[in-house]
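Taken from TrEMBL, the feature domain 'Sugar phosphate transporter' applies to 102-391. The transmembrane segment annotation in TrEMBL covers 104-121, 133-152, 220-239, 276-298, 318-334, 374-391.
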Amino acid sequence: MVSIVKQPPTTALAVADLRHDSSHFFRRRITLPPFPSTTMPSSCFFSRLSLKPLCVSSSPRGLGLRSRDDWREFRCEAYEADSSDNVAAQAEETRPAAAQKLKIGIYFATWWALNVVFNIYNKKVLNAFPYPWLTSTLSLACGSLMMLISWATRIAEAPKTDLDFWKALFPVAVAHTIGHVAATVSMSKVAVSFTHIIKSGEPAFSVLVSRFLLGETFPVPVYLSLVPIIGGCALAALTELNFNMTGFMGAMISNLAFVFRNIFSKRGMKGKSVSGMNYYACLSMMSLLILTPFAIAVEGPHLWTAGWQTAISQIGPHFIWWVVAQSVFYHLYNQVSYMSLDEISPLTFSIGNTMKRISVIVSSIIIFHTPVQPINALGAAIAILGTFLYSQAKQ
């Protein structure tokens, strides 16, 4: 028996009884009137019914028919009422997904571009003004001021926080402060590309800390991905023309500090409803309070004054713009990265972070004319490839 339902303008029901004996065959076609509009209330939650083709078949054995002459075949087909309307409905469904992909793409492009600009201006400032503690402090102070103004003018909605929130944020801020200062110290001593090559080894620190301090275990591919990361970083460090132990140790300490920052952040922010933008703003403010007294103790106003006058005399008024630019772009690129983390999975974020390092390394080599040996470039490529493999194996 074959049943066919097709609508609109009318509903046709065709029934055919097919027996393998040709003497027993009949076919009936019944035309039904269209569904009246009054049968569907105006408050109905849908305006049209669209049915896609559906085929249902049953075997003779499933129907309990044993004889070949006794079995019948059942086929039901439903056709869409209006294919053009269905295409339009599907297009409407795909628009939010396409908009989400476009939004994530804009986040990534902005994140990478801001990070590249920050690293360029940060290196320019440190070359003329070798005081990384004050430079780090100015970056946090600028971001904190920007967010306070945004909250006061209601450009951004201020977060609703309590004492428990700030208690949970404190260890995160301590780790963030150490990592930020250590990375700035590193870039004041070595090339930007070298700092980021060493910082691409952060996944190795994450696995080792989680394994030996937290007791977490990982699949074998995760451990295997650490081999190219560690090997690539070691090869790049051994072949670096401008190697400096302080710069190398600064990058290593930064890796370790940011691993603890991520661990403390996951533990402390469970159940907290604060957006990525506001979370990083609060993190910057607390880090600023932590860093300021240490910056004064390590470097102090006397060194800052003398260094500032020297930089102005050598660079001119452009130096002030460099300081402002590196401070503003530091906050913006971190803010966008936290905002993108609200929209994407950790795997996508880690891949984006890997691509960010590639863009920074390549751009800094081009802009600052950093001499790179082929073996050094090979080490960087191996380390970055290992980071990518790690992000895949971790999932």
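Each residue, glycine too, has its Cβ placed from N, Cα and C.
All TrEMBL annotations are machine predictions without curation.
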Mind looking up the mean pLDDT for the domain 'Sugar phosphate transporter' (102-391) in the predicted model? 89
Should the transmembrane segment (318-334) and the transmembrane segment (133-152) be scored as in contact, given a threshold of at least 3 Cβ pairs under 8 Å and pairs 6 or more apart? yes
